[in-house]
Every structure is written in structure tokens, then in C-alpha cells.
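Chemist: Below is the structure I would like to discuss, written out as C-alpha cells.
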Number of protein chains: 2
Amino acid sequence: MRRSALAYGLLASVALTSPVMANDDVKKASADPNNWAMQSGSYNNWRYSELDQVNKSNVKDLRVAWQFSTGVLRGHEGSPIVIGDRMWLHTPFPNNVFQLDISDPVGPKIVWKYTPKQDPSVIPVMCCDTVNRGGVNIVGDTLIFGQADTTLVALDANTGKEKWKTVNGDPKKGETHTGFTLVVGDKVIMGTSGAEFGVRCHVTAYNIADGTRAWRAYSMGPDEDILVDPEKTLSLGKPVGKDSSLKTWTGDQWKIGGGSTWGYASYDPDANLFYYGTGNPSTWNPAQRAGPDGKQIDQKWSMTIFARNPDTGVAAWAYQMTPFDEWDYDGINENVLVDLKVGGEDRKVLVHFDRNGFAYTIDRLNGEVLVAQPYDEDLNWATHVDLDKDSATYGRPIVVASKSTFLNGPDVNSKYVCPAALGFKDQQPVSYSPLTGLFYVPVNNVCMDYEPFQVSYTPGQPYVGATLSMFPPEGKTNTGHFTIWDAAEGKIVHQHDEPFSVWSGVLTTAGGLAFHGTLDGYFKARDQEGGAELFKHRLPSGSIGNAFTYSQGGKQYVGIFSGVGGWAGIGLAAGLDKPTDGLGAVGNYAGLKSYTDLGGTLTVYALP
Amino acid sequence: MRRSALAYGLLASVALTSPVMANDDVKKASADPNNWAMQSGSYNNWRYSELDQVNKSNVKDLRVAWQFSTGVLRGHEGSPIVIGDRMWLHTPFPNNVFQLDISDPVGPKIVWKYTPKQDPSVIPVMCCDTVNRGGVNIVGDTLIFGQADTTLVALDANTGKEKWKTVNGDPKKGETHTGFTLVVGDKVIMGTSGAEFGVRCHVTAYNIADGTRAWRAYSMGPDEDILVDPEKTLSLGKPVGKDSSLKTWTGDQWKIGGGSTWGYASYDPDANLFYYGTGNPSTWNPAQRAGPDGKQIDQKWSMTIFARNPDTGVAAWAYQMTPFDEWDYDGINENVLVDLKVGGEDRKVLVHFDRNGFAYTIDRLNGEVLVAQPYDEDLNWATHVDLDKDSATYGRPIVVASKSTFLNGPDVNSKYVCPAALGFKDQQPVSYSPLTGLFYVPVNNVCMDYEPFQVSYTPGQPYVGATLSMFPPEGKTNTGHFTIWDAAEGKIVHQHDEPFSVWSGVLTTAGGLAFHGTLDGYFKARDQEGGAELFKHRLPSGSIGNAFTYSQGGKQYVGIFSGVGGWAGIGLAAGLDKPTDGLGAVGNYAGLKSYTDLGGTLTVYALP
Ligand SMILES: O=C(O)c1cc(C(=O)O)c2c(n1)C(=O)C(=O)c1cc(C(=O)O)[nH]c1-2
Ligand SMILES: O=C(O)c1cc(C(=O)O)c2c(n1)C(=O)C(=O)c1cc(C(=O)O)[nH]c1-2
């Protein structure tokens, strides 16, 4: 069965007349498993596909169907999207976009290529390689994506011609874009990066029709800036109250407070809420952020999961995982929306594997934390998350004093903190399989030494203030796990060693498989039951992209970007050698240079 | 059977004591079909392998065994070399070199990477992309290669540590390196590029032991510069006589005379002669090169095949294919050494598919031209090559006056000249199969309009003086052929259309197959009998590399570089748009942008 993009009205050349309502369009396109219609597969961020042609018994026969070199080096995150016989593919900086006609099974044709001209001075203000994980979104005949320099671009999806462009931030101040763009209703919502440069970050909504700004919600600042309703926005079951953010910062520090929003977003159409996380407070030297009393202070709403209404931006609830961060445990990791029986009750939850090493199962309607357990065994910076509602520390991690880089103080090297700054999981998204009801988690098994130091703020200059070394946990040589997780119980079901951190996003399918890439350049298929490797094949370069699948001409394809880079691959991507360069990533992943070099390629596998 | 590099003494860490004699070493390594020990497979440039595990019936089952992204964009010419379980791989500028351990069948490990620091100002003086087709040579434990900036480098093949470096030319004057380095005896002989910049080019020999210069033979100039013996060096059966070059230039023009030596070289150990060709005289505007009488003049020894003694550099013979070039028909194409029955007699010949569209079969011991016939049907600039020994025009092409850009004069557009400047064949080498006794020729089926104009010489500035358009012959839309050639008869045996010029070198094997890449990104296997396509598979990018094969752990691998570029791909490689840019190549290959983008990858195929 040959299906064309026309079937989705994508190629209709009629002008946009009425306000676009993305939901139905996106839901329809992503409900058809032949498509991979959005970065996360669907609004709920499951990264699960109903396609089952490739299954446990035949996956060993997968072979490279075709490949496409993107013409760009450095880290390739995210994935293409596919609707009908068209694929849209994005690259890291300079953020080229291609439309491919994939109707020919032996190889694609390039229909158009969009090559933005961006000022390369944005490159040095991108903290963690020139990546773009947010990729492209499609709604109606409009293709929307964000560039590194924060330009939000809408193209005619069929012709590649510009419809409108708007600028979300200023790279001269360290504001960049690598993360999500989410199309919901008549809006596109966009995150921002910059917490390593003292940017006060936000999410901002633009109208799809014309690119005008609809609302902006900062991560910190006055209530009207952060779009909370003091009476109605909840945190841990209670209204956040007036000045919930301002109260938790010393003086004006919130103005350079960080809280980047560079991960993925998910959306619950029934609740009409979208979910995303905020990153670290700036700087990484916690001493500089102490409260007026010289003690820890929360720095809200950094390190927070927000549930917001996409029409107004107003928050329904907020939950801060790591108050007063002292380790760069950005809270930006994706939130996967599932309905689970937790403690015997059917709950609408989100599941979130935080950088801080705890996996949270949270009621997604009100923000109540149901489960919070470490998803790797070496976590040592906190004893647990206090879930006793009557406790003074309700909802908070209980920090181990010896691992507190604040208590140890500046210019003291806090040794052996696990996880490392890049978390037990970083940008690489997990997958949820409804077949098993379990989560498939690409894990960094990494610890660190962390030495904060005094740093002063200059716009557009790094505002980090810490020296890091990273390394595997004691007694281990590998820095990765592939972990299967029960989010209702908060338990590891299976755990497999990986030589390097799995910096690539997982895909699960109705074929009973879980797919992912590896930094050393393998594409792997695993059994959803147990996680055993059923297939592995060497890609041209290390992969930090997300596995995806689609069907075309009756054939299932499973694909992934290779192109090593990101924070883990920054040594290769930016040509750095010193072990503490790249905030410690260079030393930790030095072994990668025995396996792979740069180069962006899309590889698409199929059965013979 | 697991074979290690040790078997070849390569990993022996003993110091070099006696002068290296490359011949035995290279012959031994290249005689073992498990290796691909030199760029051309063997000294005779057959590009033929005795390996036959992959054959006509199973080739359809080939699949990608593993790939290696080189970390470099732009055109990837040549191929890696393989000895035992080690592969050495080179890239275009910046000319990185890797040693890979290929003993693991699922993917290689990088043992070392050599990253020269070259001044990027060499890039704009490379005429036809930042390619390097000469790749690496190995002799004993020494790895030798030339960089774009003409630096000749010798590394310890096992460790990647520098042994010595020497500089062959000056990029500030337009002297660059892309072509051969040939190890013979105790010397390495190196070609040079620069005829588009008025460089007087040469081949130069260096002592392998320490990199000191042994001899240099210019393409033009006084006898002592060009290393001819007026009495003994033959041309068309006669001694060349005194001042054979000087006599054929007006005034001092030979000093900026071109005659680049950027192709491949072959070597006959029995005759102790090596063979290579020289390129166009500078400038491309023939009016500026007219003789003192205002008429055509030969401009020797541009456009010439030389047979030279590698020990002394002295020429045994020289044959000029295109005296007084008016079309940029560089004579640099490789010379394949075979023993053939020609006209009923066993002859030791070389076979040469010239840019000018004639395929020459030449006695390689004395330079007698036995056969000279067009290898594509559209040749129209000459009626034939005169092989009548008694004729005044013996050995010369008989030019069609209307196609003479000299007779038409400067600022006149000579229309519809076939072949175009890039010849019916350019850098992409042919293969000879002893199974069939036939040649497998990757052909450009391209014509041109050529308008010369006055240009003045400034060192390091382009010295071209012509505007070109290129296009397929009338009535055709494709620009390529894959042609099977009988060099004894001078006849096309089979010809297959290719959508684009086949800019990739051919490999033949004892499995009865001929392999090559395509500009639009396919790797193809053809039947040596008849040339039918038996397998095709899409590579990540267009290929201008040379197919090669080796065996490791009992398994035959067939590999090729992809990474579009070279002259044909210069539009993509250098981001040019105007049809006449890249001396007309941009317009002719504009269609490529619908198929491929940049990116260097080695792909290695094997049977399941
Ligand atoms: O705070 C920020 O603004 C910010 C931005 C980014 C980014 O934009 O990629 C990363 C991080 N932080 C970060 O903490 C981090 O671990 C990280 C990893 C990566 C990556 O692509 O591999 N990006 C980022
Ligand atoms: O005259 C020269 O010095 C010179 C150099 C080169 C080169 O070094 O690649 C090419 C040519 N000429 C040339 O004429 C030509 O057609 C050509 C094609 C290519 C290529 O790599 O695709 N190089 C060159």
C-alpha cells in the first residue's frame, strides 16, 4: 500500500484561512503508526510505535536500507519526522532542513533543502555542542523549528519557502536554542537554553498563523513573569502563594537565574496541560546563590517540572525536584504521560527520570509525587526523597552532607558524587511500552568530583564557576546502563551494562523491541522482556540521536541519526583534550576516540 | 584464518637499519589477495583482486558490515589500504590519517589518528576540491603520504608517530598535492598539482629512509630539468633530441607551463620503469601560448605519458597525447600495465584512457602507440589519432578546425566540443580483469562550450582564462556511462547508461564482478560479462572514491568511500550555484543536489 503525504492534506496548496488547531492534526498524523509525525512519536512522549513487522524473531535480519549524509559534522540529536512518503530532516547548527521523498525503497530524493544563514558566533555560547534535539514539527502545511540562534522559523512544508520568522532571544547574551518546539492548539511553544551563561530562561508561545508572540513564562521572577496563579497553581498539593519564586532568591539574582528549558515537552489533550522541566540555577557555585541568611534557599522555579495551560501559559502545578541545586542536576528531562495503577489506584501520571538520579512518578493532574526512587544503584548525594506528607521536608531530597558542594564550600573539591552533573540520564529520552507497562531507560552510570569557585557575571560569558572530573562509579569501568524500569513500583526490573553512557533516545515497538544507539556507534535492538540484545550494527559515527520508525510501501523502517557529539561527545565534537574540559566530560568519555569520529548520517534499516 | 599485520613484519619495532627496498615488500603485500596493500591494488594498476567469495550469484546478498565516518566533509577520493588486520585510512584536507584495527567483524577500533595542522589558505588554491586520491602507502613499517600543502610525511605505521616530513612545493604559488605517492625501491615518488595556477609541475623522488630529495623531473624546461636523455629517451620510436621541451614553448612561458602530475602512477618491476601522465599547459587560453609564428606549438611535455626509471628519474620514453592543448585534456589519467596480444603479437602494453576521449594501447617498453580509439561515441574535437608511421602527423590527433578554441580565437565561444574539459574520463581509475581480458571504464559522457579569454599571471592566483559550460551530448540527458573496453581491438564491448558521470574508481574481482560508486550515492556491482547491474545500494553520500576489497577472518569485504565532491561535485563541496562556476561543472551536475549532501564515510560490505 503506497501512502502519500497528500492523504494528510499536507500537499494541499490552499492558503491558511482559519486559525490552525494543531491538536487534531497532530493527533491524527501521529495516531497513524505508518508516520513518525513528531519528535516524540506522540504527545504523550511514549516513543512507542504500533508497527510490528520487525519483531523479536526477524530483527536479526535487519539491514541498512539506505542512508543520508546530512552534510554537517558534530552532534546529531533528535530524529527526522515522517508523514506519508515525505521525511523532514534537521541538522545541528547551521540547522539545515531537508524534505526527502522516501517513496523509492532504495533511496530518497531531496525535494528541498533550507539553509539558514546564522551568525557562527552562536557556537561558542552553546554550552554542550551545536545540537538541536527539538527538530521539526509539522502542523497542517506548516513546518516549524527553532534555530541555534533562537530564531523560530515557519516554512511551507511542501516547498520549503519561508512563511514567517521570529526571534526568541539574543545569542549575544548567551540565549540559544537546542530543545523543544511543541505545536499545540493554535500555538507553538518553544524552550530556551542559557543557564551556563546566566540567562533567565523561559518558555514562550507564538501563534502558528503569523509568528506573533502569545505569552512567555519565565522559570523565575515575579508572578506575572512566571505565569503562576498564587491561589490556583499547586505545588505538592498546596497553592504556591504570592511571590513563590522571588522569595527564594537573594536580591536580584533571579534576573540571571538560569532555569533553562532545553528538554522535550509532552502534552495531555484531555487535561489541556503541557509538561516540561527547568534546568539549573546559575551559577554552578552554590555559595554565590546562598540565601540572605547564608543558608540554602530554593531558587524556585529552577529544577522544576511545570504543568501549564498551552493557551494561556498559566501553570496548573509545579514541582521542584532539586531545590538549591549544588550539582547541575537540570530538571529538564522529559515527562512521559501514562495511565498506571499506583498503589492499587488508577492514576494519570507522568514519569520523569531526573538528572538527580531519582525517577519520579507524579500525578499529572495535580503534581502529587507518588513514587521517587533511584534508577541506578550508585546514587549517593541524597538518601531518599521524602514522601511523607506530614514532614517538613515533604517532597524534597534528603541531601548527604558530605556530598553537598555548598556545605563543603567553594574551592573545595567535593569528591565522588553520584550521579555526575550529567545525571543518570541527560537529554536522551526514555521510551514507554504499553506491551509491558515498563520504561526503557538509557542511563549514564557516572560519578564526579565537583569543585565550585567564585565567578562573576558578564552577559554572553560563561557563568559556571565549577571544575569537574567525571568517571564511572567505584569498581566499574563502564559508564552506561540500559535499564528497564517499573514506574508504579519505582524499581529496576532489568539492567544491562553498556560500555559508554547511552546518550541516544529509545524507541519501543509493538514488535516487542526496544531500539537505541550508542556513543561508540552501534544501533541496537533489545527484547522488551529482559532487555537482551537481539541485534547490533555499527553506524558510521557514534549516535546521540533518537531511534524512530515508520512504514512506507508496506515496509517497516527503523532509523536513527549517527553523528557523535553532545555533552558526552564534546571532546570529539569541539576538539578538546584536557580531561576537565567540557566540564569533565572530556576525561570521562576519552575512550570514545578509539571508536568513532564526527559526521552526521541518517541510517534507515529494514528487513530484506 | 585470522591473519595479523605481524605476518608482514609491520608491527616489528626494530629500527630501520638498511635502506628500505620497497619493491619486494610492496609486491609481497599486494600479491596476497587478503590485503589491499596499495591504492591501485598492485603496481600494475589493475585494481583487480583474486578474492572470489563474493560472486555473481551471491553479490545480491551483500550488506553493510560496518562503516566509519571520517569526520571530514567534501570529496573523498582514493581508498584505504589494508594489510592483515590493520587498515590505514586517509581523508581529504586536512588529510587526517587513521589506523584501524579491523579484526572485529562487527566494527573497527581506531588505533591512532594523525591530524596534521595545515594552513587552510591551501584550500582556495586547490583547483578541484580538497581531495586526496593518492592516499597512503606502506613500506616496511613506514607509512607515507602527501598532504594538500605538498608536505610529504612518513609515519611509523604502527604508532602513527612522525618519522620525517619534507616539503615538496609552495601553496602560496599555487603548488598543491592531491595525487600519487609511489613507493619504489628505496624511494617515494610524488606528483604535484597546480596547472590552473601557472605552476611548472614535476615528479620528485625522496629517499624513504630519511626524506631527503633524490631527484626531480619537471614536465617542461631544459633537458637537465626534465631528466631526458636527448639520445636515449624515445618518443614515437625516435630519440627526443636536444631541448625537446624548450623548443616547443615561446620564450619563457615554460616557466609557468603547468603539466601537473596529479593522477596515479604504475610501475613495471621487470622493466624498472614507472608510468604517469602530465596535465594541461597553462593557461587554458591557447592564444596566449601560440608559437613565435602565431601558430600552434606542442608545449612539450605537457599532456604526456612518461616512462621513467625510478632510481634516476630519467625518462625511457615520452608520448604526448594532446600537443598544444586547447581544451584542458590533462594527460594524467592512469596507465594500466597488461600483457596483451595486439595485432596477433604478444605485447607488453600500457592502456590509458585519456581525458581527450581516446583510449591508447601503447608498448610500455618503447612508447610505440599500437591502438588509439575513442572510448565514447560522441568525441568530435578530432577525427582520429594518426597511427601512420610515415605520416607527418604520426601519433597526433587530427583536430577538427571548428572545435579548435585556438582557431576560433579568444572571446569566441567554441560550441559543442566533446568530450568536455573533464574528459570522457577524469581522475576515476579504470580496472582490468584478467578473467575477461577487458577494461572496465567509468565514463563521463559530457560535452562543453569553451570560451577562452586573456588572463595574466600572478603567482598564487588562478591562471585559467576560459569560461565553460558543460552538458550531456545532444539527445542525451545522462552524463555517464559504464563501459567495457577491448584494448587490443580498441573497441567498446558493452556500454551502460549512468545518470551521472561515474566519478568513482572501478574494482574487478575473481568473483566475476566489477564494483564502483556513483555520484548520486549508489554502490554498484556489475557482471564482468556484459556489465549488467547485479547489486546496488545507497551510500550515505555520493561516491568519488575507488572500490577496494580485502579479506579478514575468512570473510571478503568490499568497500568504498562516499563523500561527494571533486570537480564533478564542486558545486556541493564548495557551495557554488552559478552554472559556469567550477569551470562549468556546477551547471552540468546541478541535478546532484536532489540526491546527496556532503560527508565522508567508509562503507564496508560483506555477505551475511
Ligand atoms: O542549562 C542549559 O541551558 C543547558 C543547555 C543544554 C543544551 O542546550 O544542549 C544542555 C545543558 N544545559 C546541560 O546541562 C546538559 O547536560 C546538556 C547535555 C546536552 C547534550 O546535548 O548532550 N545539552 C545540554
Ligand atoms: O592541473 C592540475 O593541477 C589539476 C589538479 C587537479 C587536482 O589536483 O585534483 C585536477 C585537475 N587539474 C583537473 O584538470 C581535473 O579535471 C580534476 C578533477 C579532479 C577531481 O578530483 O575531481 N581534480 C582535478
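Backbone N, Cα and C atoms are what each Cβ position is placed from, and that goes for glycine too.
As listed in TrEMBL for this protein:
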ACT_SITE  B:D328  active site, proton acceptor
BINDING   B:E77, B:R133, B:T178, B:G194, B:A195  pyrroloquinoline quinone binding site
BINDING   B:E196, B:N280, B:D328  Ca(2+) binding site
DISULFID  B:C127-B:C128  disulfide bond
DOMAIN    B:36-371  domain 'Pyrrolo-quinoline quinone repeat'
DOMAIN    B:504-558  domain 'Pyrrolo-quinoline quinone repeat'
SIGNAL    B:1-22  signal peptide
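Walk me through where these features lie, including what they touch and how far apart they are.
Modeler: Under the DSSP three-state reduction, B:D328 (active site, proton acceptor) is assigned to coil, being neither helix nor strand. Contacts of B:D328 (active site, proton acceptor) defined by a Cβ separation under 8 A and a same-chain sequence distance of 6+ are given as B:N280, B:W284, B:R355, B:A421, B:A466, B:L583, in order along the sequence.
Sequence-distant neighbours of B:E77 (pyrroloquinoline quinone binding site) (same chain, six or more apart, CB under 8 Å from its CB) are B:P92, B:V131, B:N132, B:R133, B:T178, B:Q427, B:I544, B:G545, B:N546, B:F561, B:G566, listed in sequence order. In the three-state DSSP reading, B:E77 (pyrroloquinoline quinone binding site) counts as coil.
For B:C128 (disulfide bond), applying a Cβ distance below 8 Å and a minimum sequence separation of six or more within one chain yields B:T178, B:G566, B:W567, B:I570. In the three-state DSSP classification, B:C128 (disulfide bond) falls within coil.
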Chemist: Using a 10 Å cut-off on Cβ-Cβ distances across all protein chains shown, tell me which of the recorded positions (B:C127, B:A195) has the largest neighbour count.
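Modeler: Of the recorded positions B:C127, B:A195, the most buried by Cβ count within 10 Å is B:A195.
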Chemist: What is the pLDDT of the domain 'Pyrrolo-quinoline quinone repeat' (B:504-558) when averaged and given as a whole number?
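Modeler: Summarising the domain 'Pyrrolo-quinoline quinone repeat' (B:504-558) by its mean pLDDT gives 98.
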Chemist: Counting by DSSP, what is the helix, strand and coil composition of the domain 'Pyrrolo-quinoline quinone repeat' (B:504-558)?
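Modeler: When I sort the residues of the domain 'Pyrrolo-quinoline quinone repeat' (B:504-558) into the three classes, I find 0 helix, 31 strand, 24 coil.
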Chemist: By a simple count, how many Cβ atoms lie within 10 Å of the Cβ of B:R133 (pyrroloquinoline quinone binding site), its own Cβ left out?
Modeler: 26
Chemist: Can you list, in sequence order, the residues of the same chain other than B:E196, B:N280, B:D328 whose CB lies within 8 Å of the CB centroid of the Ca(2+) site?
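Modeler: Near the Ca(2+) site, the remaining chain residues are B:C127, B:A195, B:G258, B:S260, B:G279, B:S282, B:W284, B:D325, B:D330, B:A421, B:V464.
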Chemist: Which secondary structure state does DSSP assign to B:A195 (pyrroloquinoline quinone binding site), in the simple three-class scheme?
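Modeler: Note: B:A195 (pyrroloquinoline quinone binding site) is helical by DSSP.
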Chemist: Provide the number of Cβ atoms within 10 Å of the Cβ of B:G194 (pyrroloquinoline quinone binding site), excluding the reference atom itself.
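Modeler: Excluding its own Cβ, the number within 10 Å is 32.
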Chemist: Under 8 Å between C-beta atoms and at least six apart in sequence, can you list the same-chain neighbours of B:E196 (Ca(2+) binding site), or say none if there are none?
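Modeler: Non-local contacts for B:E196 (Ca(2+) binding site): B:C127, B:G174, B:G258, B:S282, B:W284, B:P462, B:Y463, B:V464.
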